Amino acid sequence: MNSTCIEEQHDLDHYLFPIVYIFVIIVSIPANIGSLCVSFLQAKKESELGIYLFSLSLSDLLYALTLPLWIDYTWNKDNWTFSPALCKGSAFLMYMNFYSSTAFLTCIAVDRYLAVVYPLKFFFLRTRRFALMVSLSIWILETIFNAVMLWEDETVVEYCDAEKSNFTLCYDKYPLEKWQINLNLFRTCTGYAIPLVTILICNRKVYQAVRHNKATENKEKKRIIKLLVSITVTFVLCFTPFHVMLLIRCILEHAVNFEDHSNSGKRTYTMYRITVALTSLNCVADPILYCFVTETGRYDMWNILKFCTGRCNTSQRQRKRILSVSTKDTMELEVLE
């Protein structure tokens with residue numbers, strides 16, 4: 001299938017994506033490496049939450065490592081200069097990150113809901129073994145759902161009159177192909193709408209339980225409520241604009257006439273590309289939310305960073321502290337037992 005050239009979009013991508021992606025790389029790669037260390041140690045302490053956090057950080061890190069390729073692509077005004085196989089792999093990891101992230105965020109929300117609302121029930125759902133099984137299932141299912149990108153031809157050549165040259169596009173072409181429309185509609189429903197509703201319901205129930213629990217101090221209540229709001233806002237801001245524009249794109253381009261593209265369709269595509277760039281910020285938000293928002297998370301992360309940079313004190317006591325994890329729940333919601 002051919003692609004229609006949108007000259008203005010190439011110019012926008014040339015400046016927008018490198019700026020956003022460079023920021024994400026600088027912040028998210030060290031943050032997610034630290035988060036992997038912290039969550040791994042938590043998982044060793046029989047924490048099911050550590051399993052979900054580890055998977056979330058791994059997904060973010062894998063995507064962040066592909067961003068240099070996308071920076072080169074957009075800096076060259078949407079011209080893919082690498083092999084088609086790298087295009088397929090980069091697109092695969094990008095969408096794997098989008099929808100594995102929403103899945104793991106949902107798992108964390110459900111886990112916190114069970115811990116707070118039903119602290120004396122459903123113990124088997126809050127074991128490390130169960131969390132490991134769920135995480136592996138998510139990785140396998142997301143691999144299957146996104147595998148279509150590994151065998152479909154993801155590169156297409158378009159000619160732009162303004163540039164008087166050909167451009168090799170990677171995956172995101174205009175208009176969408178039929179298989180892309182069907183896949184995106186499926187993703188929007190199962191990978192965004194269902195997780196969003198689940199997170200909203202779980203967080204609302206947790207908020208109600210915390211608010212009416214007299215055994216919890218006001219300071220602790222405020223911290224928990226702040227965390228719940230942060231989780232919801234981060235999910236909505238990172239993923240809602242993208243999926244709204246993706247849904248509009250699918251509707252407008254479902255029966256588009258290639259020879260007669262409307263201005264509204266092109267404007268929608270421009271807005272969609274902006275939301276793609278903003279979605280990458282979830283790689284920054286995730287480690288901040290789930291490792292820095294609590295006192296124990298910040299302390300363990302800081303010790304690991306000092307250890308990695310060689311500035312850690314050589315005393316045996318501090319070394320032992322680096323390799324230990326507080327038994328206090330990272331999310332600090334277990335106070336309601």
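In case you wondered, yes, glycine gets a Cβ from its N, Cα and C as well.
According to Swiss-Prot, the disulfide bond annotation covers Cys5-Cys160, Cys87-Cys170, on the basis of experimental evidence. Taken from Swiss-Prot, the feature N-linked glycosylation site covers Asn2, Asn79, Asn166, and the record attributes it to sequence analysis. Under the heading site 'Proton sensing', Swiss-Prot lists His10, His14, His243, citing a curator's inference as support. For Glu142, the entry in Swiss-Prot reads site 'Required for activation', with the evidence type experimental evidence. The topological domain 'Extracellular' annotation in Swiss-Prot covers 1-5, 78-82, 154-174, 253-264 and is backed by experimental evidence. Per Swiss-Prot, topological domain 'Cytoplasmic' is recorded for 43-46, 119-126, 213-216, 294-337. Under the heading transmembrane segment, Swiss-Prot lists 6-42, 47-77, 83-118, 127-153, 175-212, 217-252, 265-293.
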Interface present between the transmembrane segment (47-77) and the transmembrane segment (175-212) (three or more C-beta pairs under 8 A): no
Same chain, 6+ residues apart, C-beta under 8 Å of the C-beta of Cys170 (disulfide bond), given in sequence order: Tyr73, Asp78, Trp80, Cys87, Ser90, Ala91, Glu154, Thr155
Winner by Cβ contact number (other Cβ atoms within 10 Å) across the glycosylation sites Asn79, Asn166: Asn79
Cα-to-Cα gap, His14 (site 'Proton sensing') vs Asn166 (N-linked glycosylation site), nearest whole Å: 16
Nearest of the recorded positions (His10, Asn79, Glu142, Asn166) to His243 (site 'Proton sensing') - Cα to Cα: Glu142
Asn79 (N-linked glycosylation site) and His10 (site 'Proton sensing'), distance between Cα atoms, whole Å: 9
Structural state of Asn79 (N-linked glycosylation site), classified by DSSP into three states: coil
DSSP residue counts for the topological domain 'Cytoplasmic' (119-126), split into helix, strand and coil: 4 helix, 0 strand, 4 coil
Cα distance (Å, whole number) from Asn79 (N-linked glycosylation site) to Glu142 (site 'Required for activation'): 28
